[in-house]
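Undergrad: OK, TrEMBL features for this one:
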- 13-25: compositional bias 'Basic and acidic residues' (COMPBIAS)
- 85-96: compositional bias 'Polar residues' (COMPBIAS)
- 1-25: region 'Disordered' (REGION)
- 81-103: region 'Disordered' (REGION)
- 152-179: region 'Disordered' (REGION)
Amino acid sequence: MSKKVKSAVKGAKGQDGKDAAGKTEEKCPCQLILKVFRKQEWNKKPGSSSENVQQGGTIGDFELWKVGDKEPLVTGKMLEAAGPSSKTRGSDQRVSPGSYGLIKNPGSKGPYRLIQTTQAAATASFGTRGAVNIHGGNNPVDLEGCLLPGSASTTNKVTEPPAKKGGKGEISEYPSISGSQSKLSEIKAQIAKYGTTESMTTYDGAEKYNTAYYNNVTVVIYEIGSGSK
C-alpha cells in the first residue's frame, strides 16, 4: 500500500468520510476508499438440504468514498462468506478485517483482487489465503470466500425435510443480495474514472502478482461489532 493510500486510510479509519468534507482542494490523484461494514452473519449448516444454507454468509453495508467528498460515490450491500474470519487457504470463510490494496484481477472471477504491497503484510492479513476477489453474484454458493456487492439484501427461508414422516421440517435461513452486476458496474465506473494504476509487485497469502496496482484505492473491512458505522 502506497504512502498516499496509508495516509488516506489513517484519516478515514473508523469514520464515515465526512471529516474531510470541509476541504475543497483536491489532491492529484484523489484517494478512493471502499469501506465494508459487516452487520450480520448466518453460520454454515453442513447438514442442510440447501447448498446456500450449507454455506451461510455475512451481510454488510458498503460505501465507496472519494476522500474529501461530502457524500459517497456508491453505496450498497456486500455479501461475504460466513465467519469466523479465516486466514486458512481453502477455508471458504470471510477474509480478516483490516485494510487492503487492490489490483486488476489477473483471473476471470471479477474485476478486482485484494492484495498487500509487501509479503510480510500479506502474511499478516491473508495467512495462506489467496484469490480474494470482488465480483458479481447473488447467493452464498457464488462466494468462494470473496466479496459480492449488491443493491439490497434478503433473508431467505428454507424448509428442511422432516426428521420423521408426517412431521414438520425445520426452517433454515441464508442471506442473498440482488442487483449485484449493476452495483458492481457502478463501482467499476467510479474506479475507472478516479483510480490510477502503476506496475508493482503485490502479494496475497498464496501468490505474488505483477498486474496493474491501484495506487490510490484502498479497501477497509470492519468486523461485526467493531463500533464502526
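Any Cβ shown, glycine's included, is placed from N, Cα and C.
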Undergrad: Using a Cβ cut-off of under 8 Å, list the residues of the same chain at least 6 residues beyond the compositional bias 'Polar residues' (85-96) that approach it.
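TA: Residues 38, 55, 58, 114, 125-130, 132, 143-145, 147, 205-206, 221, 223 contact the compositional bias 'Polar residues' (85-96) from elsewhere in the chain.
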Undergrad: Just to be sure I understand, if DSSP states are collapsed into helix, strand and coil, how many residues of the region 'Disordered' (81-103) fall in each?
TA: 0 helix, 6 strand, 17 coil
Undergrad: Under the DSSP assignment, what numbers of helix, strand and coil residues are found in the region 'Disordered' (152-179)?
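TA: Result for the region 'Disordered' (152-179), in helix, strand, coil order: 0 helix, 16 strand, 12 coil.
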